[in-house]
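Take a look at the structure set out below.
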Amino acid sequence: MSGPHRSFSFNQGDDGAGDAGDVSPIRSQEGHFMNSPPRHNDVSPVSARSQAMGSSPSSGFLSAHEHGDRGWGQNSGHTQAMRTNSTTPGMDNLGPAAVGGGISGIALGVANSHNRQSGIDAFRDTDGRNLPAERGYNTTGSDNPYVPTPPGGGSHGSAENLRPRDSYGSNVALGAAAAPAGQLTPGGSNPSQRSLFDSPYQGVGAMDAGPYQRQSAYSAAGDYPLVINPDEIADDGDDGFTPVPNGKSASSNARAIPAAAAGGAAGGGLFGLFKSKKADNPSYGPVPGAGLEAGEKSRWVKPTPGGGSRKRGWIVGLALAFIVVGAIVGGAVGGTLGNRENEAPDTTKSASSDTESNGDLNKDSSEIKDLMNNPDLHKVFPGMDYTPWGVQYPLCLKYPPSQNNVTRDVAVLSQLTNTVRLYGTDCNQTEMVLHAIDRLELKDMKVWLGVWIDSNDTTNDRQIKQLYKVLDDTKDISIFKGAIVGNEALYRAGNDIASAKKKLISYMDDVRNHFKEKNYDLPIATSDLGDNWKEDLVTATDLVMSNVHPFFAGVTAKEAAGWTWNFWNQNDVPLTKGTNKKQVISEVGWPSGGGNDCGSNNKCTDDTSGSVAGIDEMNQFMSDWICQALENGTDYFWFEAFDEPWKVQYNTKDENWEDKWGLMDAARKLKPGLKIPDCGGKTAA
């Protein structure tokens with residue numbers, strides 16, 4: 001983290017006092033809340049929209065998720081790569097038990113990228129464009145939580161694309177408020193062991209027993225819908241995913257930069273701090289985030305009706321063939337799953353039964369002890385981007401997120417970092433994270449509050465109002481490191497960056513004024529692509545938070561650490577010269593699989609060129625980056641801890657990495673072959 005412990009200097013006054021030591025111990029008995037955090041039943045009585053919001057004037061922001069793919073490429077422009085955090089075919093990629101929010105997370109990216117008033121329906125008006133999902137970079141949290149321009153996508157045709165959607169506020173109760181916190185968590189002494197084929201919403205690794213397996217938050221009795229109606233989803237992207245604007249000019253969004261840092265020249269200097277192979281002329285385009293912005297064809301687009309008896313004949317013939325094959329495969333799968341079901345009783349625990357079996361999980365719970373004692377996890381990350389599962393509107397009103405699952409996530413996160421970054425305030429996600437920290441008695445854990453900002457004034461006002469409520473309900477606000485108002489709002493503004501920036505700054509000013517009135521001594525910031533930061537935005541923020549993803553620059557894993565350091569130091573660090581403002585890399589990471597990216601507007605000619613997604617490459621980047629960053633005091637957030645399987649829908653033929661950015665799979669298991677450096681025992685503050 002940026003602070004007095006750096007072994008080098010940026011030659012600017014950005015080295016403020018370190019903040020690790022000013023973390024007040026969490027009162028395990030009293031908790032952080034003046035009042036108990038909201039708690040909810042398994043199923044909210046709200047089955048329809050609480051209200052229909054009218055359109056508000058275009059604000060310059062594109063409604064989108066907090067993460068999406070953005071290209072850091074050799075040429076100017078945005079890459080068409082998209083990032084989904086983790087999706088596994090055949091697994092519960094959409095349910096509340098999956099990391100990132102399942103189907104509820106899908107609503108974020110999809111809903112925000114279209115000119116409709118609500119839900120995934122927006123995808124129907126994209127003129128065939130594939131809009132990438134992103135969390136913080138595109139997508140994250142997050143998540144997601146990073147999305148590149150969709151393949152073949154042109155610029156947005158009209159201001160209609162900026163039109164806000166119907167949304168639901170944080171003031172809407174999620175189920176019965178009096179329900180015990182643990183009641184939301186799927187149950188069983190072991191995490192969900194349901195068959196992966198029981199429901200499309202079952203979590204990855206559901207057949208594996210143990211504390212790293214995600215539980216299904218809903219029973220097989222029909223608590224969770226097997227078919228989602230896109231018309232019922234109105235999402236604002238606060239999970240870190242955002243739609244990526246098409247057609248941004250290469251000249252305005254990507255500029256060639258020297259590769260001195262990537263080289264780690266023998267002469268030393270700032271760039272010599274990160275030793276890696278030289279990357280030639282890397283340029284920066286949009287970087288994929290953690291959101292639903294991932295550019296890909298909408299699953300909701302209806303096929304054009306076919307004509308002709310011959311075509312119908314072929315269809316009927318193929319259908320019969322599929323039925324025969326399906327019967328054979330179904331028999332085999334059924335037998336296998338039947339055996340597994342016999343081996344694992346109590347496979348369909350609901351959230352309420354989890355509470356009955358496990359109560360409100362805490363540090364003394366057996367499965368939590370297992371999660372918090374993994375020798376392969378090391379606390380070497382200054383911060384981690386995180387979006388709880390199932391925190392998207394309005395689906396969370398009917399299917400509330402699970403407190404116990406958040407507690408499990410935080411237990412794992414505590415082995416990696418002392419700082420967690422959130423992307424929004426909807427669905428009581430902040431309260432659940434704080435509750436988990438209290439239950440686990442994590443004295444040093446801190447939280448960066450997140451506020452999602454898009455083109456819908458109602459959404460923005462709701463998010464900010466909930467931010468204020470969280471602060472009012474928190475006894476000891478020293479647990480917070482600050483508030484991040486907006487993630488990649490300028491990136492999502494497309495060509496209307498000027499008006500978007502003006503409105504974003506006005507929201508930041510409003511929050512800052514409120515904090516002054518309440519005597520909250522907390523910094524206000526926003527996060528965006530590294531090359532979207534200019535002096536006027538720096539003036540309005542207390543920190544410069546840049547999303548920097550080497551994978552989308554088309555550089556090799558060996559060049560990645562140097563490229564990241566170089567880009568950040570040449571584009572963002574100089575902006576704070578002569579001030580006491582810190583610079584933070586708000587998102588950086590590498591996918592564990594799914595193809596390769598050769599930079600903005602560059603198509604890879606083979607599968608080994610450019611940035612290759614893979615475990616070996618991920619290990620290479622972490623080996624070069626993590627310990628050196630820890631040693632020289634670089635403050636950054638890693639994207640991300642857990643895969644988000646539901647994002648598989650945003651993968652394309654050549655870009656299948658959207659669901660694979662986590663250090664761990666959706667079941668909280670470290671990916672096979674992945675090695676987190678221990679940095680000689682040194683840990684992040």
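Positions of Cβ are set from backbone N, Cα and C atoms, glycine also.
Swiss-Prot gives the label N-linked glycosylation site to one of N85, N456, namely N456. Annotated pair N428 (N-linked glycosylation site) and N405 (N-linked glycosylation site), C-alpha to C-alpha distance, rounded: 14 Å. In the structure shown, the C-beta of N405 has more C-beta neighbours within 10 angstroms than that of any other entry among the glycosylation sites N405, N428, N456, N632.
N632 (N-linked glycosylation site) and N405 (N-linked glycosylation site) are 35 Å apart (CA-CA, integer value).
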